[in-house]
Amino acid sequence: MSLTDILCPSDIAAALRDCQAPDSFSPKKFFQISGMSKKSSSQLKEIFRILDNDQSGFIEEDELKYFLQRFECGARVLTTSETKTFLAAADHDGDGKIGAEEFQEMVQA
(Lines of atoms letter the chains of each structure in order from A and count residues from 1; the text may use other names and numbers.)
(Lines give C-alpha, C1' and ligand atoms only; values in the text may rest on other atoms or scores of the structure.)
Protein backbone atom coordinates (compact mmCIF):
# COMPACT_ATOMS: atom_id res chain seq x y z
CA MET A 1 0.00 0.00 0.00
CA SER A 2 1.16 3.53 -0.73
CA LEU A 3 0.14 6.95 0.54
CA THR A 4 -1.75 7.62 -2.70
CA ASP A 5 -4.00 4.63 -1.89
CA ILE A 6 -5.19 6.60 1.16
CA LEU A 7 -4.69 10.25 0.18
CA CYS A 8 -5.67 12.02 -3.03
CA PRO A 9 -2.56 12.68 -5.18
CA SER A 10 -3.73 16.24 -5.96
CA ASP A 11 -4.12 16.96 -2.22
CA ILE A 12 -0.61 15.63 -1.56
CA ALA A 13 0.74 17.83 -4.39
CA ALA A 14 -1.04 20.90 -2.96
CA ALA A 15 0.34 20.21 0.53
CA LEU A 16 3.88 19.84 -0.84
CA ARG A 17 3.56 23.06 -2.88
CA ASP A 18 2.48 24.91 0.26
CA CYS A 19 5.75 24.13 2.06
CA GLN A 20 8.32 24.30 -0.76
CA ALA A 21 10.34 27.10 0.85
CA PRO A 22 12.74 26.14 3.65
CA ASP A 23 11.27 26.71 7.14
CA SER A 24 7.72 26.99 5.76
CA PHE A 25 6.55 23.52 6.85
CA SER A 26 3.68 23.44 9.34
CA PRO A 27 2.62 19.90 10.30
CA LYS A 28 -0.93 20.97 11.15
CA LYS A 29 -1.38 22.80 7.83
CA PHE A 30 0.20 19.91 5.92
CA PHE A 31 -2.19 17.43 7.56
CA GLN A 32 -5.16 19.62 6.62
CA ILE A 33 -4.18 20.32 3.00
CA SER A 34 -3.16 16.70 2.31
CA GLY A 35 -6.46 15.44 3.72
CA MET A 36 -4.81 13.46 6.52
CA SER A 37 -6.76 15.29 9.22
CA LYS A 38 -10.02 13.90 7.74
CA LYS A 39 -8.91 10.26 7.75
CA SER A 40 -10.10 7.53 10.13
CA SER A 41 -7.98 6.08 12.92
CA SER A 42 -7.31 2.93 10.91
CA GLN A 43 -6.26 4.99 7.87
CA LEU A 44 -3.92 7.08 10.05
CA LYS A 45 -2.36 3.90 11.46
CA GLU A 46 -1.67 2.75 7.89
CA ILE A 47 -0.19 6.16 7.00
CA PHE A 48 2.00 5.94 10.12
CA ARG A 49 3.16 2.46 9.10
CA ILE A 50 4.16 3.79 5.66
CA LEU A 51 6.01 6.78 7.19
CA ASP A 52 7.82 4.54 9.70
CA ASN A 53 10.57 3.78 7.20
CA ASP A 54 12.48 1.28 9.35
CA GLN A 55 9.28 -0.31 10.76
CA SER A 56 10.47 0.26 14.35
CA GLY A 57 7.02 1.31 15.53
CA PHE A 58 8.23 4.90 15.87
CA ILE A 59 9.07 7.82 13.62
CA GLU A 60 12.45 9.05 14.81
CA GLU A 61 14.08 12.41 14.13
CA ASP A 62 16.12 11.08 11.19
CA GLU A 63 12.92 9.75 9.57
CA LEU A 64 11.11 13.06 10.17
CA LYS A 65 13.82 14.89 8.26
CA TYR A 66 12.73 13.01 5.12
CA PHE A 67 8.98 13.22 5.93
CA LEU A 68 8.06 15.14 2.74
CA GLN A 69 10.04 12.73 0.57
CA ARG A 70 7.78 9.88 1.75
CA PHE A 71 4.99 11.71 -0.11
CA GLU A 72 7.03 12.52 -3.23
CA CYS A 73 10.59 11.44 -4.05
CA GLY A 74 11.69 14.88 -5.27
CA ALA A 75 10.34 16.79 -2.27
CA ARG A 76 12.74 18.74 -0.11
CA VAL A 77 14.26 17.60 3.17
CA LEU A 78 12.92 19.34 6.28
CA THR A 79 15.30 21.81 7.88
CA THR A 80 16.77 21.04 11.30
CA SER A 81 14.48 23.58 12.96
CA GLU A 82 11.39 22.19 11.16
CA THR A 83 12.33 18.65 12.18
CA LYS A 84 12.87 19.60 15.83
CA THR A 85 9.62 21.62 15.95
CA PHE A 86 7.69 18.74 14.35
CA LEU A 87 9.15 16.25 16.83
CA ALA A 88 8.48 18.49 19.84
CA ALA A 89 4.86 19.04 18.76
CA ALA A 90 4.10 15.31 18.55
CA ASP A 91 6.40 13.71 21.15
CA HIS A 92 4.09 13.92 24.18
CA ASP A 93 6.01 11.43 26.32
CA GLY A 94 9.43 13.03 25.68
CA ASP A 95 11.15 9.86 24.45
CA GLY A 96 12.57 11.59 21.34
CA LYS A 97 10.39 9.76 18.85
CA ILE A 98 6.78 9.72 17.66
CA GLY A 99 4.65 6.66 18.32
CA ALA A 100 1.52 5.74 16.37
CA GLU A 101 -0.83 7.15 19.02
CA GLU A 102 1.15 10.40 19.28
CA PHE A 103 1.04 10.72 15.48
CA GLN A 104 -2.71 10.15 15.39
CA GLU A 105 -3.31 12.68 18.19
CA MET A 106 -1.25 15.29 16.36
CA VAL A 107 -2.98 14.75 13.00
CA GLN A 108 -6.47 14.85 14.53
CA ALA A 109 -5.82 17.83 16.86
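Positions of Cβ are set from backbone N, Cα and C atoms, glycine also.
All TrEMBL annotations are machine predictions without curation.
Here's what TrEMBL has on this protein:
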type: BINDING; residues: ASP52, ASP54, SER56, PHE58, GLU63; note: Ca(2+) 1 binding site
type: BINDING; residues: ASP91, ASP93, ASP95, LYS97, GLU102; note: Ca(2+) 2 binding site
type: DOMAIN; residues: 39-74; note: domain 'EF-hand'
type: DOMAIN; residues: 78-109; note: domain 'EF-hand'
Shell of the Ca(2+) 2 site beyond ASP91, ASP93, ASP95, LYS97, GLU102, same chain only (C-beta within 8 angstroms of their C-beta centre): PHE58, ALA90, HIS92, GLY94, GLY96, ILE98, GLY99
Sort the binding-site residues ASP91, ASP93, ASP95, LYS97, GLU102 by C-alpha distance from SER56 (Ca(2+) 1 binding site) and give me just the closest. LYS97
Restricting the comparison to the binding-site residues ASP52, ASP54, PHE58, GLU63, which residue's C-alpha is spatially nearest the C-alpha of GLU102 (Ca(2+) 2 binding site)? PHE58
Relative to the mean position of the Cβ atoms of ASP52, ASP54, SER56, PHE58, GLU63, the recorded Ca(2+) 1 site, which additional same-chain residues have Cβ within 8 Å? ASN53, GLN55, GLY57, ILE59, GLU60, LYS97
Please tell me which one of the binding-site residues listed here (ASP91, ASP93, ASP95, LYS97) sits closest to PHE58 (Ca(2+) 1 binding site), measuring Cα to Cα? LYS97
C-alpha of ASP95 (Ca(2+) 2 binding site) to C-alpha of GLU63 (Ca(2+) 1 binding site): distance in Å? 15
Just the number: how many Å between the Cα atoms of ASP93 (Ca(2+) 2 binding site) and ASP52 (Ca(2+) 1 binding site)? 18
In the structure shown, which of the binding-site residues ASP52, GLU63, ASP93, GLU102 has the fewest Cβ neighbours within 10 Å? ASP93
